[in-house]
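Enquirer: Input: one structure, supplied below.
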Amino acid sequence: MAAHQEKKLSEERKHQNMQNGTKASQGQWGRAWEVDWFSLASILFLLMFAPLIVYYFIMSCAQYQCSLTDPLLDLLRGNKHLSDIWNRTPMLTYRAAGIYSLWVTFQVVLYMYIPDFCHKFLPGYVGGVQEGAVTPAGVVNKYEINGLQAWIITHVLWFANASFLHFFSPTIIFDNWIPLLWCANILGYAVSTFAMIKGYFFPTNAKDCKFTGNFFYDYMMGIEFNPRIGKWFDFKLFFNGRPGIVAWTLINLSFAAKQQELYGEVTNSMILVNILQGIYVLDFFWNEAWYLKTIDICHDHFGWYLGWGDCVWLPYLYTLQGLYLVYHPVQLRTAHALGVLVLGLLGYYIFRATNHQKDLFRRTGGSCRIWGRKPEYIECSYTSVDGARYYSKLLTSGFWGWARHFNYTGDLIGSLAYCLACGFEHILPYFYIIYMTILLVHRCLRDEHRCSSKYGKDWKRYTAAVPYRLLPGIF
C-alpha cells in the first residue's frame, strides 16, 4: 500500500514537498563541499596550463604546419628560444578587438532582446520561455530559449555578406585567429572573475551558492549555481550556447573559405567536417530546451571551468580539424569519405536517439513506448537543500538499458568521425577524440558520484539494473 501511494505521488505531483532534515544528503547533492588534494592539484594544473595548451596548438599550426613535436624539438636542440616563438606570434589588434566586441554584443542582443519566433512555425521545435530543472535550493528558473533563432539570423547575415554585401571577407575569422584568441581570453577571465565577485557580494540566489573556503577551487568550479543579471540574462545558458557554439559553424566556414582562397578548391574532408559538426551544432540549438536538463545546467556552478572554457577552449580546440585542413588539405578517397560520413551519422543517431528516449520518458512520466515496449525504470527520491523531497524515475529500457551514459558513446563515435576526416598524417586533429574521451569518462564519474549522493540506496538499485557506463560488456 505504501509503495502504491509513493508511486501515485511520483506520477501526479513530481515536485511535492516533504520536510526532511537529512543534512548529509543536502550537503552532498551538487558540487563538492570539500576539496581533496587530487582535485586541488588538477585545478591548479588546469588554471596554469590550459591557456598554454590552447596557445601551443594554435601556434603549432601557425608556425610549424600543425606539428606538435617540432616546437619542442626546436627548443630542446637550441634552434629556437621561447622569445623567438613569442615574437612571431600576432598580438592583440584594434581590428580583432573591434570584431570580437561586435560579435559578443550582437549575440547578447539576439539573446536578450529578440523573443523566439521559431517555435511558432517549426513543428516539433520547443522554444520561447521554458522552465529549467529544480536547483539544489529548490528554485525553478525560467529561460528564454532562442538559440536556434540566433544561429539562423547570424548565418543568414554571414551568407548574405559572402554572396552580395561584401562588407568583410569570409576568411575574416582565420585571418584574425590568434588576435581573436587574446580577445576570447580577456572575456573568459573577465566573466569568470566577475562571477566569483558576484557570488560573494550580490548572488542571484544565496541558497544556491557553495563556498569551499579554497579560493582556487571556488574560482575554477564556481560559487553561484545560476548567476543572472536581471530576469533573463543567465550566465550559464548564454556562455554555454552563445557566443562559442554559434561561432563554431562560422569558424568552420571561414576555414573552408581560406582553403578555397589558398588552393582554389574546398576538399571533401573540409566539407565533411563542416557538415558533421554543423549537424551537431544545429542539434544543440534544436534541442536547447532539452539542454536545460543536462549536467551543465542542472549541476555545474558557473566559474572559470565554464566561463573561460566556453569562451576559449570550445571555439579554439573543438575546431582544430578545420584549422588543420587549411594547412594540410586532404582529399579523401570516395570509400574513406563515405565511411567517415556513415560513422559520423551513426554516432549522431545514437546520440540523438538515446537522448530522445530519456526526454520522451521524462515528458510522459513513463507513459510511453520505447522500442515498442512499455519502459522499465527505477523509482527513486531525493532531498533538496531546503529539505523538500522530490521523486523521479531512472530509465532502464532502450539504449539506457545498454549503458548508463550511452548518449556519450554516440558522442564519441561522432567525435572520432571528425578526426578521421583529416587522414593520418598528424596527431593534432585527433586531440578532439582524446580530449572528449577523457572529458566524458570524467563526466560519467562526476555524474555518478553526484547521483549516488543524491539518490542513495536507489542509485545502487539502478546500477545493479544497468551495470555498464559507456560500452556494454566492457565499461
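For all residues, glycine too, the Cβ spot is worked out from N, Cα and C.
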Enquirer: Look up transmembrane segment in TrEMBL and report which of 237-257, 405-425 it refers to.
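Expert: My reading of TrEMBL: the transmembrane segment range is 237-257.
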Enquirer: Among the recorded stretches 92-114, 237-257, 306-327, which has the greatest number of Cβ pairs closer than 8 Å to the transmembrane segment (180-201)?
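Expert: Ranking 92-114, 237-257, 306-327 by Cβ pairs under 8 Å to the transmembrane segment (180-201) puts 306-327 first.
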Enquirer: Is it the case that the transmembrane segment (306-327) and the transmembrane segment (92-114) have 3 or more CB pairs under 8 Å, with pairs at least 6 apart in sequence?
Expert: no
